[in-house]
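J.: Can you keep this structure in mind? I'll have questions shortly.
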Amino acid sequence: MRGATRLKWAVCATAVALAAVGCGSSSDDSGGGGGSGSGVVRASWGDPQNPLEPADTNEVQGGKVLDMIFRGLKKYDPKTGKATDMIADSITTTDSQNFDIKIKPDWTFSNGEKVTADSFINAWNYGALLKNAQLNAYFFQYIDGYDKVHPDSEGAKSTATTLSGLTKVSDTEFKVKLNQKFSTFPDTLGYSAYYPLPKAFFDDHANWLKKPIGNGPYTVQSYQKGSQMSLKKWDGYKGPDPAQNGGVDLRVYTDNNTAYTDLQAGNLDLVDDIPASQLKNVKSDLGDRYINQPAGIIQTLAFPLYNSRWSAADSAKVRQGLSMAINRKQITDQIFQQTRTPATDWTSPVLGDSGGFKEGLCGDECTYNPTKAKQLIQEGGGLPGGSITIGYNADTGSHKEWVDAVCNSINNVLGNNKACVGAPTGTFADFRNKITNKQMNNPFRSGWQMDYPLIQNFLQPLYFTNASSNDSHYSNANFDKLVNEANAEPDTAKAVSLFQDAEKQLVKDMPAIPLWYQNGSAGYSDKVSNVLLNPFSVPVYNEIKVN
Amino acid sequence: MGRYVIRRLLQMIPVFIGSTFLIFFMVYALGDPVAALFGDRAPDPATAARIRADLHLNDPLWKQYLLYMGNIFRGDFGTAFNGQPVTELLRSAYPITIRLTIVAILFEIVIGITLGVVTGMKRGRPIDTGALLLTLIVVSIPTFVIGYVLQYLFGVKLKWVSPSVSPSAPFNELILPGLVLALVSLAYVTRLTRTSVAENTRADYVRTAVAKGLPRRRVVVRHLLRNSLIPVVTFIGTDIGALMGGAIVTERIYNIHGVGFQLYQGILRNNAPTVVGFVTILVLVFLLANLLVDLLYAVLDPRIRYA
């Protein structure tokens, strides 16, 4: 049997080689269980980009989990977005710069450890320290001593390991000194970067990351990175908002179409990202189990004001003209199937009127008006070089369609087919690099998702001189002055109106054209009820009831 | 034979080094990944510098490559951005994709070769024309269309299977995705087998075998099929690598967290360790599959010998 021996040889050789590479191992996934067990919500998820720790999580997917397993000093009301006291008993200040924070004594982490002033101070110091390279470090930038713990320039070393602005008074009280006046600082404290951390985080960081321990209504039961996480209701939770269900199973989907199909097949209870291709059918498929409501996200077209093409004195007129040349209503209806709302200011409807949202603040400059648009662009000297491009990244978010539509709208107004074309960049990373390195010559897409529902967050980081996300590198003394005044103003209503005055400066200079407010969308199965999206367009998991 | 195998294994070393360097170079050329970590926000220079230093991004390319290769030989494939070691990702993703590939290959062999033999023997008959037409349709429809349609049909309408595969991905859940993955190759296998069988039915040795009075079954299986399988085996062998790496579309549609999923994430996030680690293993699989194919030639056709 010559043939047979040869075959044996072939199999052996391959087997040896395979074993050498180490492919032979078999995984021992425990299956994860889950299923339609009693009272468990099965929800779609995306793989978090970064390790799940409060100061290093800056995107929604990781944020979802942190919001379930942690509670901070404040919590944003799911309906109104108003910051209300959670662990904080009181936060008081007399000068808008020194804050006295008292915390409630009865909070504990799920491992039994008490939540004390130290839990906050240590967590914030960790988040701010340069050595830890936390993505959210800049949240602590207003705290006194930040420049020593986290020097801003490249290559600099930190000269202190703790923020000098944080002082412990007792286990239930600590003081925060800021490096500038910031009257609405307490309202920022609901953001996940400010969550407290237990000792276990510092003692055994690697293990903590495998199975995070927090103080929120859920505990992590099992976590298979990249595929799923099972969260269980924590029975020892004493906060005012315990989970209304037995737990949440988060499953990672790479394709939101598949998640939607799973929802239709009854394999999933909640999808918080309806695929664009299904928007036409979603109402007939799900009926009133489809949610479409404004979220704290605004999309704009930002201009590189550092570039000579856009820095001329009359250039603002061109930008205003371009803004008036975009038929926002048509694009949001046709392309986005009303999951976007035409923008009429630079904030978001989720702020509410009292929070600073003012419909129509931008006025005529953000309203479609072909004749006026053409006239303004001509007065401003025409498009620089006769044509513009709109930059976007081609890898995620399907921006091509709307960028082309915006360009079409501009081209129609100007009666010139070549006035505006889209300019894709391959990857998001590359796109961001170009923007950060000031290499843009033309307007580019820009999105802003709020960190906390304050008008300050929509204006200061984006348009204040040298602010962290000022992609346009806009600088206006009047705008800066008004923002500073607003931050120093202890009366919220007055502060908001000062911020709006600052916003009016943006109408004149138009450093970025507001396009539309993005909505959050979600769909759920008939097995669950009481599903809401909060202003961050994240489902309020702990309120979901399983029928 | 033994020496031949050893020579082939040694030849893999330069191929391995060359291909990993090319992949490393290409991922590197995609640009700086750090900016994407910060979303739509400008990174603060100090944190960005810190992350770049941790990832050795400031070193020249050759130094990064040497560092990376040095770590690989110590069994360290680097870390993905979510803090997970790439070896862990490899361990969780490869078994799943291997299972999926096995299902797909089985479909190719069982259905593809059977159909090929049947059509090859009955050239010009309705069954032949029918099968050819069917393969033509399958080849011309893109995988993602077939994938979504079958998913909707079997998963949502008929409810025979779950539309997506659970994280542990057992064999029985991989039947539908495996079929979708195999379909295009299956059509090629059918056509290749058919042509090869059709050609060999007229060969001298087949006529001799028939003249000897051997039973028809033995003529077809032992004499005709065995000699007709060489091009088919070549195709299936190279297809193993293609199926494992090319499962990105299928894995996305059925939410299978295998190699395709990890590669997709790695590329999207510009994460060199993940991409290079996965492709490196793919390269090895490809090389081994080719070696296996070459060795199988000798088994199938005694005229081919390796000294």
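All positions are counted from 1 along the displayed chain.
Glycine too: its Cβ is placed from the backbone N, Cα and C atoms.
Checked TrEMBL, it gives:
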| type | residues | note |
| --- | --- | --- |
| DOMAIN | B:94-297 | domain 'ABC transmembrane type-1' |
| TRANSMEM | B:12-31 | transmembrane segment |
| TRANSMEM | B:96-118 | transmembrane segment |
| TRANSMEM | B:130-154 | transmembrane segment |
| TRANSMEM | B:174-192 | transmembrane segment |
| TRANSMEM | B:224-249 | transmembrane segment |
| TRANSMEM | B:275-300 | transmembrane segment |
J.: With Cβ distances under 8 Å as the criterion, find the stretch in B:12-31, B:96-118, B:174-192, B:224-249, B:275-300 that has the most pairs with the transmembrane segment (B:130-154).
T.: B:174-192
J.: Counting Cβ pairs closer than 8 Å, which of B:12-31, B:174-192, B:275-300 has the most of them with the transmembrane segment (B:96-118)?
T.: B:174-192
J.: Which sequence-distant residues neighbour the transmembrane segment (B:275-300)? Criterion: at least 6 residues beyond either end, Cβ under 8 Å.
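T.: Result: 1, 5, 8-9, 12, 15-16, 19-20, 23-24, 27, 68, 72, 77-78, 86-87, 89-90, 93-94, 226-227, 229-230, 233-234, 236-238, 240-241, 244-245, 259, 262-263, 266-267, 306.
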J.: Using a Cβ cut-off under 8 Å, which residues of the same chain at least 6 positions beyond either end of the transmembrane segment (B:12-31) come close to it?
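T.: Cβ under 8 Å, 6 or more out: 61, 64-65, 68-69, 267, 270, 272, 275-276, 279-280, 283-284, 287.
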